[in-house]
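Taken straight from TrEMBL:
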- 1-82: region 'Disordered' (REGION)
- 1-15: compositional bias 'Polar residues' (COMPBIAS)
- 16-29: compositional bias 'Low complexity' (COMPBIAS)
- 41-52: compositional bias 'Low complexity' (COMPBIAS)
- 53-66: compositional bias 'Polar residues' (COMPBIAS)
- 100-360: domain 'Protein kinase' (DOMAIN)
- Lys129: ATP binding site (BINDING)
- 403-438: domain 'EF-hand' (DOMAIN)
- 440-475: domain 'EF-hand' (DOMAIN)
- 482-517: domain 'EF-hand' (DOMAIN)
- 520-547: domain 'EF-hand' (DOMAIN)
Amino acid sequence: MGSCFSTNKVIGSSSNNTNTHNTTTTTINHNRKQNTESHTRTTTTTKQESSSNQRQNKANGRNSHQLRPKDKPVSRRQSGLIPCGKRTDFGYDKDFSQRYTIGKLLGHGQFGYTYVATDKANEDRVAVKRIEKNKMVLPIAVEDVRREVKILQALTGHENVVHFYNAFEDDSYVYIVMELCEGGELLDRILSKKDSRYTEKDAAVVVRQMLKVAAECHLHGLVHRDMKPENFLFKSTKQNSPLKATDFGLSDFINPGKKFQDIVGSAYYVAPEVLKRKSGPESDVWSIGVITYILLCGRRPFWDKTEDGIFKEVLRNKPDFRRKPWPSISNSAKDFVKKLLVKDPRARLTAAQALSHQWVREGGNASEIPIDISVLSNMRQFVRYSRLKQFALRALASTLDDEELADLKDQFAAIDVDKNGSISLEEMRHALAKDLPWKLKDSGVLEILQAIDSNTDGLVDFNEFVAATLHVHQMEEHDSEKWQQRSQAAFEKFDIDKDGFITPEELRLHTGLRGSIDPLLDEADIDRDGKISLSEFRRLLRTASISSRNVSSPTGHRSSWKI
């Protein structure tokens, strides 16, 4: 059990420093996990116990190392009056001992043990996490168990998430029955490779599976919050064994438009916005970027001898792509990693976008790419934009080339179920229903389709779709020169006489709108000179890329997702 590469789990405003090493080397092999247990884990569960242990320790005040002296611990949720210990009745099935026989011990944490168990009905072997009720002395421990079970229920059935079978309880224990994974941790596979490195092809296969898990979590309004090699297990010892995500002990649901304000995760994988106490689903993608960097070069992108030093590296510095073996690694792989390790979460690729990247999709196909939560968010936001912003985004969309549109082509194909080249109202309704934290009424879906449908034919074609879903912040961050070119080309579609300004008459001619044009002009005309300059036009495009998670649903309501 122990930590990965001196990984320290950090929770709230404090962290556990027991595994920090005083070494100056940055190679993975020199920071092998500390052997705090003599057994080898082959199931999904001991790591989950570790997460709950950390949070219980936090609640008990046993973690004294302050990340920032001025910060106070942040409570993850209001617990209220919840029965603890043996008084707790979770409402789970009570017949565990009639259905399963417990076998060998696989591992243990502070609050429970993990065993191999056998299903008496069919002799199938499973993993069972047994948690002592007596040790649930605080309401947060009870909540952690309930939330973990709910998360496993929500994600079960996904090919890259450990399968959840059932939860049981008796007077003394809670039993969580899950799929038994006997292929070992991803960490161990990394360390078994020459120079602790994967080939690009093998790395892409692994990364694709992690991204699919993240994308699925995010569609459920869930953030994993602790993506790292120890939290992925192989189903079997075969080289082509599927990878399974485990340990949802730090995972949590998040309301649309909200941010987590606590600091959780493992030091080397924590995203900058987590340290700034303003994190969301994007932090999972950062962590996968760190893992990808490690898979390809055998080193961590951010390293220091102390935890605080690691955090400073994450906040201030960029990864090194000059040292060996990076010169021999493909440009496509480097581009992929860089786009996952963008410090601004608004400009970072989403999990679904990353699945569309040329490097990671080699050996995969478009049908494996799930609908992107940000695409659904952007479509909902588009209906809230002014008419001028909508026209400006349509002009910008028309300037993009095939390479820039690759991920949106995948998303359009995922929504266009009948593959006729357009999205119908029913297909739009089906896609928006996948964004589980939102509850849109049919009238809200129709409103979104009508806002995107610029030619009013009742369908959304690809060009209309791009205008409503493109990511302006990503365009500017990933290639500033191309952003300058594209935004100027969009501007010139309005600037008919090419004098460097958009006049009210030009605005009227481009939009075809009747009546007063002044309200549209006033929105972008910052200096109030009666016309729109290129810089004002670019500012309009930037403000149009604010995430829709910051506004209310047009006609629906937000789910609370509190457990």
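Using the three backbone atoms N, Cα and C, a Cβ is placed for every residue, glycine included.
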Highest-contact recorded stretch vs the domain 'EF-hand' (403-438), from 100-360, 482-517, 520-547, CB pairs under 8 Å: 100-360
Other C-beta atoms that fall within 10 angstroms of the C-beta of Lys129 (ATP binding site): 28
Other parts of the chain folded back onto the domain 'EF-hand' (520-547), taken as Cβ under 8 Å at six or more residues beyond its ends: 257, 346, 374, 377-378, 381, 385-389, 392-393, 396, 471-473, 476, 487-488, 490-491, 494, 500-504, 507, 511, 513
Residue numbers, six or more beyond the limits of the domain 'EF-hand' (482-517), whose CB comes under 8 Å of its CB atoms: 387-388, 391-392, 395-396, 398-400, 404, 475-476, 530-534, 537-538, 541
Integer average pLDDT (0 to 100) for the domain 'EF-hand' (440-475): 88
Secondary structure composition of the domain 'EF-hand' (440-475) [DSSP: H/G/I, E/B, coil]: 23 helix, 1 strand, 12 coil
Three-state composition of the domain 'EF-hand' (520-547), taking helix and strand from DSSP: 15 helix, 2 strand, 11 coil
